[in-house]
């Protein structure tokens, strides 16, 4: 099942995956090449890019939770939703403390370190939650995980991340994490303190873990691997320069924006595939529920409902013709050759009927060796010709046990032109014509005409 799902995704989602990787690679190469250049005029790009990523991560949180609602056995989804939800929280905080967005402070130097701390803690905590999601995914496939453990783990990571952020940003005298040198607005300490190296290592591990253990079996895990690469690429771009005003700094944010957008598109594509598969499963289930298991014709309940709806639109200009068909001497076939042969005869007769009518006509197995057909827009004369064709084809093409003994059918035809007529009355008249065909010697078509004592016969 997983292999089939993987092939389906890689086949139909191939363009999206190749296009996104190529574009991100080109973007990464450009900023690695020119990242050292400093550009002061792009300072407003940071709050804009942060706001975009905030909206996208919040959107991902919501759609993953919706997916979990429909697949609540997939507990790893809770962990991933927690990761994007926590990221949204940190991004919202970054917007709040960025000067000129929600506060009137105009000096970026005073807020730069707090923004960097937000980024570092957000990055570390998301990597940990992604790793936990893979762990819960693996354990979940073996039924070794429960909901309380997942919720507890997610809550612990979230509380620790928020706690560290609050203490570091608001109480520097208790725990300090100086990343930005506010005078020159450089993040040299990110690398000298090995925090940047640690971020690269944890995201390399996370990316490898996601790819290796999930095998990217569907669009969901492909999306998550793309998200891992987005974080890894953003940090690597920051390594190209040490200044907040450099192209590398802005490039890392642009890289995250585009990568997150591709993640959202991949998630939407995956949801579309799930919807499509769900619709196909529903239609297949519905078809199975209205089909006869032996012949794959419609069953009696579906036939009656369809007949009722078509009778309501019946008129002299748009008549509805109804066939009732019975296999002659079927009991002797069953008794003489056994039920397996009898079943084959029923299937062959069913196939012959389907091949003799239009796709819009309704062919049903009404019970045992009895069949019924609804033909729309055909008057009695045209309907009797089709009925005669069915009778003739069955007698020529269907044989008992591939031997010389042929199979015949008796057909009753009734054409409905009155939309006030009931289903039961319509069936009764077609059934009466069929039994009249049997009384008249079988292997023939009889057309019902009012009054009931009058029948039009078509003999073999």
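Backbone N, Cα and C define each Cβ position, glycine as well.
Database features, via TrEMBL:
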- 318-450: domain 'GGDEF' (DOMAIN)
- 12-32: transmembrane segment (TRANSMEM)
- 44-65: transmembrane segment (TRANSMEM)
- 77-99: transmembrane segment (TRANSMEM)
- 119-138: transmembrane segment (TRANSMEM)
- 150-171: transmembrane segment (TRANSMEM)
- 191-213: transmembrane segment (TRANSMEM)
- 220-241: transmembrane segment (TRANSMEM)
- 247-269: transmembrane segment (TRANSMEM)
Using Cβ atoms only, state whether the transmembrane segment (119-138) and the transmembrane segment (191-213) have three or more pairs under 8 Å that are 6 or more apart in sequence.
yes
Average pLDDT across the domain 'GGDEF' (318-450)?
93
Six or more residues out from either end of the transmembrane segment (44-65), which same-chain residues have a Cβ under 8 Å from its Cβ atoms?
77, 80-81, 84-85, 87-88, 91-92, 94-95, 98, 100-101, 115, 250, 253-254, 256-257, 260-261, 263-264, 267-268, 271
For the domain 'GGDEF' (318-450), the DSSP residue counts stand at 64 helix, 36 strand, 33 coil
Are there residues at least six beyond either end of the transmembrane segment (150-171) with Cβ under 8 Å to its Cβ atoms? List them, or say none.
75-76, 78-79, 82, 86, 89-90, 93, 97, 114, 117-118, 121-122, 124-125, 128-129, 132, 136, 177
